[in-house]
Each structure stands twice: as structure tokens, then as C-alpha cells.
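I have placed the structure first, in the form of C-alpha cells, so that the comments after it can refer back to it.
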Amino acid sequence: MQDLLTRFLFPMCPHLSLSPPPPATLWLLLPVCLSVGPPPLSEMKEKNPWHSPVAIIITVIGVIVIVALVIVAVLQNRPLAQKYKYGIVLDAGSSHTALYIYEWPAEKDNNTGRVEQKHSCKVIGPGISSYASAPQKAGESLKACMKEAEQWVPVKRHPETPLYLGATAGMRLLNIENSAASDKVFEAVGEALQKSPFSYQGARILSGQEEGAFGWVTVNYLDDRLSQGLETTGALDLGGASTQISFVSDQYDGSESPSNAVNFRLYGNDYELYTHSFLCYGKDQAQRLKLAHQTQSGPNAVEDPCQHPGYNTTKKYSVLYDSPCVSNRKPQGAPATFLHTGTGNVKQCQDVVKNIFNFTDCKYSQCSFNGVYQPSLQGPFGAFSAYYFVTSFLNLTDTSVPLEDVRKKLERYCATSWSQIVQEHPGVKEKYLAEYCFSGTYILTLLTEGYNFTSESYSNINFIKKIKGSDAGWTLGYMLNLTNMIPAEAPDSPPLPHAGYVSIVSICAVVIFILLLFSLRPLWARHCKKQQIV
Ligand SMILES: O=c1[nH]cnc2c1ncn2[C@@H]1O[C@H](COP(=O)(O)OP(=O)(O)O)[C@@H](O)[C@H]1O
Ligand SMILES: [Ca+2]
């Protein structure tokens with residue numbers, strides 16, 4: 001460009017200098033060149049054309065315009081001090097409650113992948129359904145985490161921050177068992193949350209379908225699959241009282257078993273999701289189902305292949321049967337307690353676990369278990385919550401390891417004596433330690449026999465806890481839905497990023513300026529000639 005100027009424009013005004021100026025000053029000389037004609041020959045020696053008022057004014061204006069253009073371009077593109085919005089969701093699960101704080105840039109709500117988990121807080125104590133006989137305590141238990149949330153959300157954002165509480169299978173079961181008690185727990189929890197400075201939006205029980213579908217939304221949102229219209233990931237959630245499976249299958253259009261269909265239109269794409277929640281098939285209730293089955297044959301003692309050899313505990317029948325999942329199976333004339341001992345045999349454990357599933361009744365073209373329709377599995381799956389806790393403890397999260405090797409590893413673990421297990425894991429709660437052998441076996445049985453994962457499709461499962469720093473679970477999907485943060489249609493975006501737009505406008509301005517100079521060239525040539533003649 002500068003070369004062009006030197007070769008074509010500068011010679012137009014030979015009166016300005018005998019030799020071309022350095023390239024950097026060429027641009028500044030242009031307006032001067034244009035504004036001042038060559039002075040009469042008589043004046044050439046005494047009057048410097050640079051001192052003409054018109055030249056000075058035009059030079060100053062030119063410089064101001066260029067500087068303004070650069071400032072505008074720079075200011076427009078500087079990273080803005082980001083403002084954030086917040087949302088809080090309490091996951092009132094059967095075993096415990098957890099609080100999640102989400103954060104997203106205030107101006108860009110609609111952009112996918114923008115909402116992130118800022119903080120989480122684990123409520124001390126059991127799940128809210130365990131407070132049926134003392135509901136006030138359910139409300140009190142949340143206070144510490146609510147105080148923590150007040151520290152994490154900036155004070156000026158408190159009144160506009162929505163706060164939701166969603167309860168899952170623990171409260172579903174309490175509601176079945178004693179709906180008055182469940183109402184009282186919600187009352188107490190509502191009272192406690194209303195006292196917080198946040199915008200409390202209510203507490204309710206999620207349906208199993210919602211729990212499954214919002215888990216699927218979370219996983220796919222965090223993976224940016226929804227906004228980009230990519231193939232989706234299925235979601236497998238294992239809780240304490242229920243378990244969910246959700247995925248998109250080409251085979252499923254909702255016509256067979258419509259009750260399993262959830263339809264979404266997200267970012268301009270339609271999704272027909274298959275989802276099912278199995279109440280009582282979370283790992284804690286599944287353990288009860290299994291024990292209920294085992295106690296049928298001999299009510300005084302249970303020799304359990306799913307417990308480690310040397311495990312020996314006395315358990316209360318009243319505790320085991322205190323759940324609608326098993327309450328109708330209590331053996332007649334059962335004693336108050338039974339002796340629970342371990343033999344540590346995975347193959348036998350698998351057989352006992354299989355007893356809690358019904359694989360025979362199916363009125364559809366195909367089923368998972370208990371007569372529930374399930375289309376053929378498709379695509380990758382993210383398995384979270386207790387799927388992750390158990391497989392990570394057992395070092396079984398690597399699904400590229402053949403299923404046979406996974407089973408062998410589990411066999412060795414279960415056959416280890418209880419005293420050795422306790423000794424090797426001093427920091428792990430005994431409640432969890434006592435159940436990993438069962439939970440590992442249950443997970444493998446549920447996946448392979450229940451959902452029909454094969455040795456090949458098993459490797460499509462990813463055991464995950466977090467995706468890009470946010471926990472996998474239903475809470476984020478629930479909040480995105482309630483705050484309308486995922487648009488049904490893809491948001492229109494400008495064809496060019498801002499920096500590109502500014503650059504192109506600047507280049508165009510310069511090109512137009514140069515073309516203008518070229519078009520004026522003959523005029524100037526004539527003008528210069530005239531001056532010389534005079
Ligand atoms: O560190 C852990 N190790 C093993 N299991 C865990 C750990 N933390 C949580 N869990 C289990 O994860 C499950 C979480 O279930 P949740 O309380 O969400 O029930 P829900 O989803 O059925 O309502 C429970 O079975 C709980 O015992
Ligand atoms: Ca859960």
C-alpha cells in the first residue's frame with residue numbers, strides 16, 4: 001500500500017518535497033497533498049505549503065479520524081468486565097441433600113455451555129424424607145448450606161437469584177407411604193427457604209420422568225451437544241431409591257409405550273427422548289429388595305454372598321421393612337432381628353440380585369425388566385451419581401477393560417475378608433464399605449441383564465462425576481428448563497464476529513479513501529500544470 005502511495009500519489013504533488021518521505025509519514029502527507037495546490041512559483045521559495053491553514057486543518061481532522069477509528073476498534077473489542085447471574089438448586093435425594101449454585105454471564109443467557117456450577121454444598125445429615133417424624137429438623141438441616149450460598153452469591157444479586165428445591169425418590173416413597181408426613185416436610189423446608197434472601201421458587205417432588213429427562217439435558221448441555229446439534233449422549237443415573245435411563249433411539253418414536261416419551265425442541269432441533277425411572281431400584285432400595293427376598297427362606301439369618309467373608313451384623317426387621325418397596329413382603333411371624341453374615345461370592349451374589357428383577361413379563365416388542373418397554377440402546381452413555389461413586393471406589397471406571405476382566409476384579413474384591421477391607425480403607429465410612437461388593441454386582445447386573453448392555457456396548461458407557469467442572473445430575477437441566485435458558489430455536493448470530501466486522505469496515509474505509517485519491521488524480525495533474533504555466 002505504501003509502495004503504491006509512493007509510486008502513484010506522491011508524484012502528483014512534486015511541490016511538497018524533492019524526495020518521497022518515509023512510508024510512515026506518507027499517510028499524514030496525503031491530506032496535505034490534496035488540500036494544497038502547488039503555490040505560485042514566485043512564492044515557492046518563501047512560503048512553506050505545510051503552513052497553509054487549510055492544510056493544517058485537514059491534517060488535524062485526518063489524524064483525529066484515524067485515531068478515533070483506532071480507539072473505537074480497540075474499545076469495542078476489549079474484554080468487558082463480566083456481570084454474572086446466579087441460580088440455586090437443592091437436590092433433596094433419598095440419602096442426602098446437596099445444594100448447587102450455578103453462574104452465567106448476565107448478557108449471554110441463551111448461549112449454550114455458558115451456565116457453570118460455581119459451588120456445591122453437601123447438607124449434613126440424611127435426606128429430607130428421613131425427617132418424617134420431626135419435619136422441623138428437615139428445614140434446619142438446610143441452614144448451613146444456605147448460609148454458605150449467601151457467601152458465594154454477591155449480595156446485590158441475592159433478591160433476583162432463583163432458588164428451587166426438587167425432591168426425588170425418597171420423598172416419592174414417603175408420599176406413597178404417608179402423604180401427610182410428606183406435606184409437613186415440604187412445609188418445614190419451604191418455611192426455612194423462604195427466610196433466605198434469595199427468590200424462593202418452591203419445593204416439589206420431581207416425577208421419575210423429569211428426573212431422567214433433566215439428567216439427560218444436563219449431560220448434553222454441558223457437552224455442548226444440544227447447541228451444536230450433535231449426536232446426544234444417553235444418561236444413566238443411579239440413586240439410593242430410584243434409577244433412571246434416558247436416551248434417544250432411532251427406533252423410538254413414542255408410539256410404543258408413549259408414557260416413556262419426552263419431547264424437547266432445543267436450539268431448533270427436535271428430540272424424542274426415551275426415559276424410564278425405576279422406583280425402588282436405586283442401590284439402597286435394591287439392597288432391601290434383595291434382603292427381603294433372602295429373608296423369605298430363613299427369617300433368622302441371612303448368609304449373603306454379596307457381603308465379604310467374616311461380615312457379621314445383627315439387623316432389625318423393622319428397619320429393613322420400613323419402606324413401601326418391601327413392606328408387603330415382611331414374612332409372617334418374623335423375629336425382631338436377623339443375623340446378616342457374608343460369604344463373598346460374586347457369582348452367587350449375581351444370582352441373588354437377579355431375583356429382584358422380572359425378566360419374563362413383557363407385552364411390548366422388547367423390554368428392559370419388570371415389563372417396561374425399552375428400545376435398543378444407541379450411542380454413548382454417561383453414568384453418574386452412585387454409578388460413579390461405586391465404580392470409582394472399585395477402580396472400575398475404565399470401560400475399555402473387557403467385561404470379563406471387570407467381573408474377575410469384582411470377584412477378587414468380594415472374596416476379600418471383611419477385616420482386611422476395613423483395615424485397607426480406614427478413611428471410608430463403614431456403611432459404604434459394607435455395600436460396595438453388592439453395589440458393584442448390582443450395577444453390572446442392572447446394566448447387562450436389566451438394560452441389555454453387551455460386552456461390546458459396555459464400552460459405550462462413561463462413568464462420570466463432573467463434566468467441565470459441573471456435577472452430572474438432574475439439577476442443572478431442571479434449572480435451565482425453569483429459567484427458560486435453552487431456547488427452542490437456535491439464536492440468530494451475526495455472520496461475522498465483532499473484531500472481523502470492525503476490521504472489514506476499517507479496510508473498506510481506507511480502500512474508498514485511496515480510490516477517491518485515484519479518481520482525483522487527473523484533476524490534480526491539470527491543476528498542477530496550470531499553476532506551473534501561471
Ligand atoms: O461416597 C459414596 N460412596 C458410595 N455411595 C455414595 C457415596 N455418596 C453417595 N452415595 C450414594 O449415592 C446414592 C445417591 O442417591 P440419592 O440420595 O441421590 O437418592 P435418589 O436419587 O434415589 O433420591 C445413595 O445410594 C448414596 O448412598
Ligand atoms: Ca439422586
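Glycine is treated like the rest: Cβ placed from N, Cα and C.
Copied over from TrEMBL:
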| type | residues | note |
| --- | --- | --- |
| ACT_SITE | Glu211 | active site, proton acceptor |
| BINDING | Gly240, Ala241, Ser242, Thr243, Gln244 | ATP binding site |
| TRANSMEM | 54-75 | transmembrane segment |
| TRANSMEM | 499-520 | transmembrane segment |
Using DSSP with the three-state reduction, classify Ala241 (ATP binding site) as helix, strand or coil. coil
For the residue listed as 'active site, proton acceptor', the number of neighbouring Cβ atoms whose distance to its own Cβ is within 10 Å equals 31
Among Glu211, Thr243, Gln244, please name the recorded positions whose Cβ is nearer than 6 Å to ligand 1. none
Quick one: which residues besides Gly240, Ala241, Ser242, Thr243, Gln244 have a Cβ within 8 Å of the ATP site's Cβ centroid, in sequence order? Ser94, Thr168, Ala169, Glu211, Asp237, Leu238, Gly239, Ser277, Phe278, Leu279, Tyr281, Gly282, Lys283, Gln285
Cβ neighbour count (10 Å, all chains) around Gly240 (ATP binding site) is 21
Once near-sequence residues are set aside, which residues in the chain of Gln244 (ATP binding site), 6 or more away, have Cβ atoms under 8 Å from its Cβ? Gly208, Glu211, Gly212, Gly215, Ala235, Leu236, Asp237, Thr275, His276, Ser277, Phe278
With the fewest other Cβ atoms within 10 Å, the residue among the binding-site residues Ser242, Thr243 is Ser242
